[in-house]
Amino acid sequence: MEDAHHHHWTMVERRGTQLWASGRPFIIHGFNTYWLMSFAADQATRLRVTAAIAEAGLNVCCTWAFSDGGYRALQTAPFHYDEDVFRALDFVVSEARRHNMRLILSLCNNWEDYGGKAQYVRWGKEAGLDLTSEDDFFSDPTIKSYYKAFVEAVVTRINTVTNETYKDDPTILAWELINEPRCPSDPSGDTLQAWMEEMASYVKSIDPVHLLEIGIEGFYGPSIPELLPVNPDEYSGHAGIDFIRNHQAPGIDLASIHVYSDIWLPQSIKENHLQFVDKWMQQHIDDAANLLGMPIVVGEFGVSVKDGKFGNEFREDFMKTIYRIFLSSWKEGVIGGGCLLWQLFPEGAEHMDDGYAVIFAKSPSTLSLLANHLRCLEC
């Protein structure tokens, strides 16, 4: 682990398929806690933000730097931002730095949680645009201008706590264009590809230094048909996503995938899930290393224990499988990057649990697993 107090806190950079910082390899051993900004916006819950960061014992957190419309929105309307909520994001970034933790900041959502592309399309309709689908988010010029303005506002933000511009702050490991984008209205992938290329270029024009990832789940698309059987189902190949083609967009630095076999696979035979995870991970690692030449970031992975179909024992077997495959490839020098669990919570945030949350105080065996993976990375 880096220590910002004893080492110069430098940007994480990409060297081929590896990540480096402060003159040595950097491996992501991280987690997701998406609600940090919204909790920081309320004095009653702000301490849980510090707890989430300080108690994790990991080195990277992925969190949402967006909240579009609705309660305590950061973006209240196109080109209009709530300064109090922006200051909450400032607090999150400053707390991460204080605890030697890097951040991956996501800039939008494919889903309706915290607004997302649906909210952008609603704003467009309110402005008189002739929009027929949420997928118009990816193609309408006016909607794209809304997104670009928001991205610029975040990336060029001067942190009121540290007085450092976000685009100059090494606490931020990477920007994420959008969480889990899909565009099923154009299964060819052309619409989403054009959007990714345009937005990657735009982000890099403002901030050429920070790393950039897309945020896709990693489904294979029509550009390489022989890889379609790796997908969990036939629908995945028609979602407008194309793992190889998407990551060939200029400006993208990290190959991002998610792993949710409990959602993607209909059956509950545990061994089938672990076999799928093994194949899914291995194929993407091979492709990231050999076809794309970039690190892989398993940006989200987890198992819900909410409905009783799977328990904590299986969740831990699932996690061990993810970590084992990544660790093996990294030790062999094949790939760098890392993995971020969905999700890790301090006490007092249980009401935000979607079934996937690992609560610090209630999950000693899972925390032991996380600590063991850290030891393996450091040995």
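Here the Cβ of each residue, glycine as well, is placed from N, Cα and C on the backbone.
According to Swiss-Prot, the protein carries these features:
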type	residues	note
ACT_SITE	GLU180	active site, proton donor
ACT_SITE	GLU300	active site, nucleophile
BINDING	TRP64, ASN179, TYR260, TRP342	substrate binding site
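When Cβ atoms from all protein chains are considered, those within 10 Å of TRP342 (substrate binding site) total 23, not counting its own. For TRP342 (substrate binding site) paired with GLU300 (active site, nucleophile), the C-alpha to C-alpha distance reads 5 Å. ASN179 (substrate binding site): 27 other CB atoms within 10 A of its CB, across all protein chains. When the alpha carbons of GLU300 (active site, nucleophile) and GLU180 (active site, proton donor) are compared, the span between them is 10 angstrom. Long-range Cβ proximity for TYR260 (substrate binding site), meaning a same-chain Cβ under 8 A and a gap of 6 or more residues, is found for GLU217, GLU300, PHE301, GLY302. A straight line from the CA of TRP64 (substrate binding site) to the CA of the residue listed as 'active site, proton donor' spans 13 Å.
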